[in-house]
Amino acid sequence: MEILRKRTYQQTVQQGARYLELNNKHTYVAERLLLDRLDWNKTDFIKHLNQEMPEDIFLQYLDDLNQFIEGKPVQYIVGKEWFYGLPLKVNSDTLIPRSETEELVQIALTHLNKKVGTQPLKTLDIGTGSGAIAITMKHERNQDSVTATDISEKALRVAEENARNHQLDIRFLQGDLLEPVSLETFDCIISNPPYISYSETELMDESVLEYEPHSALFAGNEGMSLYERLAYSLPFSLKTDGCLFMEIGFQQGEKLLELYKKAFPDKEVLIQQDINGLDRMLIVK
């Protein structure tokens, strides 16, 4: 392709950005594709700016650009996403972690640190996927005992690899929602379950529908089915003074508030907005 001739690292990324622009794609991805593929940070890139890019790296870079232009998410191209400052492996077996979930984790950590300080807690992540929530909770509160469940064996393999990469001791269990821990209780339960209604598919980005696992995105009964199941079982799994944090769809707040107030009549139940002012988190404390 004429627009991409082998040059220095800097020149190649500049050409890559122009190539993306011509194809109506975000130009900043040109640099990210290279850095994430090579496991470089910005400083590494600056050190190599004027060095000639080797042929094998150039060909891989060109292939990565073309995959992105065809619609494949950059995270799946390079096999990595950053979450709460940590690099995590992701693939087509796992949902790509998103900023809304980072907000959920931040709110949970702030509450726990204020409530109990460094006191060790028992924490559960339901539907862990890549392990983003469980890994961040353990990384930020290493004194806690963290368990993570997922129905997908393939997703759990990714989560376990991510935990090993960050040298974190997390218990991973395969099973449906709370089934693997049905006889246990926890101080903190946190979850980002599938909550998108099947009727919303036409509103979603094509790359999400084509590449991300639908089992981690969609739920029945207008996206409410897993919340309804959890509302029945969570009161038996949460300790008396425990707290619950769940990510929700922005149109589900009112219904979930009513549902979980009935499930937890002796606790405070509230809906928290995300950075964009949309209902995004259900909190029980």
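Cβ coordinates come from backbone N, Cα and C, glycine included.
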**Request:** According to TrEMBL, Gly127, Thr128, Gly129, Ser130, Gly131, Asp150 bind S-adenosyl-L-methionine; so which of Asn66, Asn165, Asn192 is the extra one listed there?
**Result:** Asn192
**Request:** Give me the mean pLDDT over the domain 'Release factor glutamine methyltransferase N-terminal' (13-79), rounded to a whole number.
**Result:** 95
**Prompt:** Which numbers of helix, strand and coil residues does DSSP report for the domain 'Release factor glutamine methyltransferase N-terminal' (13-79)?
**Reply:** 47 helix, 1 strand, 19 coil
**Prompt:** Taking the Cβ of Asn192 (S-adenosyl-L-methionine binding site) as the centre, how many other Cβ atoms fall within a 10 Å radius?
**Reply:** 25
**Fill in**
Cα-Cα, Gly129 (S-adenosyl-L-methionine binding site) versus Pro194 (substrate binding site), nearest Å, comes out at 11
**Item:** Nearest of the binding-site residues (Gly127, Thr128, Gly131, Asp150) to Tyr195 (substrate binding site) - Cα to Cα
**Value:** Gly127
